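Visitor: Starting off with a structure, shown below.
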Amino acid sequence: MRHSPVLTTTSRQRPARAAVFSAGSWGTALGKVLADTGSDVVLHARRGKIADGINTRRRNPRYFPDIELPPTLTATTDPAAALDGADYLVLSIPAQSLRNNLAAWAPHIDPHTVVVSLMKGIEQGTGKRASEVISEVTGIPAGRIAVLSGPNLAREVITGQPAAATIACPDEEAARRFQAACRTPYFRPYTTADVIGCELGGAVKNVIALAVGIATGMGLGHNTTATIITRGLAETTRLATALAAHPATLAGLAGLGDLVATCSSPLSRNRTFGTHLGRGLTVAQATATTRQTTEGVKSAQAILDLAHTHDIDMPITSVVTALLHEKITLDEAATVLLQRPPKPEH
Ligand SMILES: NC(=O)c1ccc[n+]([C@@H]2O[C@H](COP(=O)([O-])OP(=O)(O)OC[C@H]3O[C@@H](n4cnc5c(N)ncnc54)[C@H](O)[C@@H]3O)[C@@H](O)[C@H]2O)c1
Ligand SMILES: O=P(O)(O)OC[C@H](O)CO
């Protein structure tokens with residue numbers, strides 16, 4: 001294991017090195033952000049064809065064939081080579097695959113590497129957030145585990161459209177270093193210590209985006225979707241604050257910001273999946289049309305279980321989960337939500 005100091009692009013000693021696992025949509029986009037800031041970036045790709053495309057043609061042939069990637073962004077299928085000397089291990093794989101994959105990669109992680117999760121899912125069966133899984137699997141202390149979350153649709157970020165995000169880490173200095181490592185003229189990261197708020201904001205918004213997609217697919221309009229977004233934020237905030245998140249985080253980029261982006265954009269995989277359901281496709285049919293990670297579909301039950309454990313009412317998450325398990329119909333879903341007993345808004 002190497003014992004190199006964690007450097008940033010501001011240290012002027014050498015560029016930061018980032019290993020990004022894997023070369024999917026968001027891994028590639030955030031990898032480009034890091035490279036644009038001056039870091040040396042290695043993407044870990046599962047398929048040789050993707051690594052070859054990045055190394056020889058500067059394109060990710062599966063996810064962004066139309067985008068030219070910088071020469072300081074390379075790729076490999078060898079996890080040990082990707083992690084060698086990495087200041088940052090940036091994790092961007094489906095949340096449900098994290099535990100097993102990370103167990104295989106962990107022996108190659110340097111003692112000073114800071115692990116950054118980009119994942120927006122909750123583990124099925126355990127209800128754990130990604131940072132909790134990372135800590136359990138690797139034994140890395142909380143101060144070296146960060147989370148980046150916010151309104152960050154990958155295609156918009158990789159095409160350089162202005163966006164912002166929140167980097168959460170209990171170690172302020174580590175958060176600031178990663179902030180410096182991914183701050184570009186088009187990408188503005190903020191910092192916070194509220195890891196729980198960031199991760200829950202990111203995971204629950206996917207379920208709310210499924211609900212918005214369902215409503216949109218059913219032909220319902222903006223009053224309905226605005227109501228789902230607003231009440232979705234209310235139930236997200238209830239759960240997150242019960243788990244010790246700061247309410248301001250949920251009103252910020254990793255909460256409201258991401259919720260609005262995901263619920264509004266046809267680029268969102270979760271919203272799109274919901275739209276398929278709202279148009280009458282079965283869950284199996286909607287899944288068959290989806291080529292990329294749709295975290296809300298896999299996390300909805302885990303989030304609901306977490307809510308039950310903490311005695312938190314999450315009606316939208318509950319209805320989406322019932323629809324995903326095909327326990328209720330679309331018409332019943334609307335009725336269940338609207339015919340709940342009346343109550344004050346706050
Ligand atoms: N795409 C976005 O706009 C976006 C933005 C912010 C956060 N995220 C989050 O980032 C995470 C990754 O999403 P994405 O959009 O990059 O997904 P993606 O489907 O585009 O890419 C997933 C990547 O993980 C790899 N992968 C898939 N299954 C795997 C498995 N079982 N084991 C190991 N690797 C596997 C794929 O090869 C691919 O490289 C998700 O948690 C998502 O919520 C995505
Ligand atoms: O495409 P989605 O639905 O996974 O959403 C992508 C990002 O999380 C938006 O910030």
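Every residue, even glycine, has its Cβ placed from backbone N, Cα and C.
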Visitor: Check TrEMBL for me: it has SER25, TRP26, ARG46, ARG47, TYR63, LYS120, ALA154, ARG269 binding NADPH, so pick out which one of GLU172, GLU173, GLU295 it puts in that same site.
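Guide: TrEMBL names GLU295 for this NADPH site.
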Visitor: Need one residue: from GLY139, GLY143, GLY150, GLY221, the one TrEMBL lists with LYS120, LYS205, ASP258, SER268, ARG269, ASN270 for sn-glycerol 3-phosphate.
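Guide: Site partner of LYS120, LYS205, ASP258, SER268, ARG269, ASN270 for sn-glycerol 3-phosphate, according to TrEMBL: GLY150.
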Visitor: Could you tally the C-beta atoms, other than its own, that fall within 10 angstroms of the C-beta of SER25 (NADPH binding site)?
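Guide: Summing over all protein chains shown, SER25 (NADPH binding site) has 21 other Cβ atoms within 10 Å.
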Visitor: Would you find the one among the binding-site residues ARG46, LYS120, LYS205, ARG269 whose Cβ has the most company, meaning other Cβ atoms within 10 Å?
Guide: LYS205
Visitor: Quick one: pull the CA-CA distance for LYS205 (sn-glycerol 3-phosphate binding site) versus GLU295 (NADPH binding site), whole Å only.
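Guide: Counting only the Cα atoms, the answer is 10 Å.
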Visitor: For ASN270 (sn-glycerol 3-phosphate binding site), which of the listed binding-site residues (SER25, ARG46, TYR63, ALA154, GLU295) have their CA atom within 10 A of its CA?
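Guide: Of everything listed, what lies within 10 Å of ASN270 (sn-glycerol 3-phosphate binding site) (Cα to Cα) is GLU295.
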